[in-house]
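I have placed the structure first, in the form of structure tokens, so that the comments after it can refer back to it.
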């Protein structure tokens, strides 16, 4: 101990002079390394001084200062530790360096760029080490430069929820984009949340009537279930979703949330205008009577926004389910774009791609969204998801992964749309877990299976008809073909949302009337009516009236 005190007193003056010299330098520049820049004797003296001024471990006295709380850290968001600086920008990926470990944000935390012309929010994705985090930008990074200050907000992206969102259009951050003022609400929720616990889930099974004949009869939707609309480009997915929103809002009076994920801006605008015209959305003083909230992240948005806008829409729907106990409809157009956006983000983050170029986390990304869409004891979320099928290939990993989460599938067929039959729903490929006599009842189940049997027999006979012609068929087969063609045309239906294109008023068909109409067809009650009278009508009464009209026109 005496030797340490002597060395300490001898070298204190030398250390003080060195510190004074260093103090005059720029404090932001790092000190030169002794091993590279100092003379050997100075380096040795420095090590001796370090040894002399240090306390031996055996004689260390207990500190009188109070112990620091080692529990959960709380950030001083206005302080020095919460401010980082941009150190790298690669498209939608931004790296941010923080000064110390205390201000380092956790994964999924949102950061805000300071002194930027527009609001730019970043979401933390990776911790790279050396106090650097890699983030995903929720908007364009044009004009962003290195050195720009970034604030750690200390929370995930948080969006407004509640009835104030009805009739409004929001972006991924919950900001209004309909130019109708701010969304005034006291309720906000983070977009990253856990799925409901198993003990909170409900197990009841009930049909959600849509008023669309082919759906209600052959592939009925479960209230609180997940339904997938499969189809290629231009076969009518978005039109079918618009009709479902219209019918469910008018027939059930429930709230809907529409999440536009990576689709055309024009279609988003058309949907908004159509909702205003149909009364689903009301403006001005009657806005509180609106039945739908819209969340858009369209094709022109960066991949970060398209990858998170589905979660924003789901968060709005969850509030109506959990806080207000409502049965909510969540429409996602298009769930494939959600997968596609996550694939883009994955590539930008440098992950090795998986099958067909998709991200290796495809299943977990989709599961994080789908598992939150469920029915609890408080309320339900019934989700209808349009699913674009690349090159009409149902074995593509994106639609194939989605199949595992669905309770019903509505497959739109290009062959049926080419026949001019709309909605172009394939009655044989579309499926539903609800198609069971224990859930639907014997009458509905037998009618649905009877219709499918006739259509399947007609499909099996088409090759024979193409080669030999109708004359070579037996009388029973001729009757099967005639009924199948009538059923095929009777499955078509004019939509309310397509009135301005077709000129025909839309039809909502009650489930009971729907079942009785098709049972009458199977029983042969309408074998004498022409095929043309079954095309683009509602119930069977309209078929009879149309047949009489055609007969009068032919007689004249």
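Sequential numbering from 1, following the chain as shown.
Quick reminder: no glycine exception, Cβ is built from N, Cα and C everywhere.
Here is what Swiss-Prot says about this protein:
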type	residues	note
BINDING	231, 232, 233, 234, 235, 236, 237, 238	ATP binding site
COMPBIAS	1-20	compositional bias 'Low complexity'
MOD_RES	59	phosphoserine
REGION	1-37	region 'Disordered'
TRANSIT	1-51	transit peptide
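Overlay of Swiss-Prot feature records on the structure.
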residue: 231; record: ATP binding site; CB count, 10 Å: 25
residue: 232; record: ATP binding site; CB count, 10 Å: 16
residue: 233; record: ATP binding site; CB count, 10 Å: 11
residue: 234; record: ATP binding site; CB count, 10 Å: 10
residue: 235; record: ATP binding site; CB count, 10 Å: 24
residue: 236; record: ATP binding site; CB count, 10 Å: 21
residue: 237; record: ATP binding site; CB count, 10 Å: 26
residue: 238; record: ATP binding site; CB count, 10 Å: 21
Beyond the site residues 231, 232, 233, 234, 235, 236, 237, 238: chain residues whose C-beta lies within 8 Å of the centroid, for ATP: 388, 412
Mapped DSSP class for residue 232 (ATP binding site), helix or strand or coil: coil
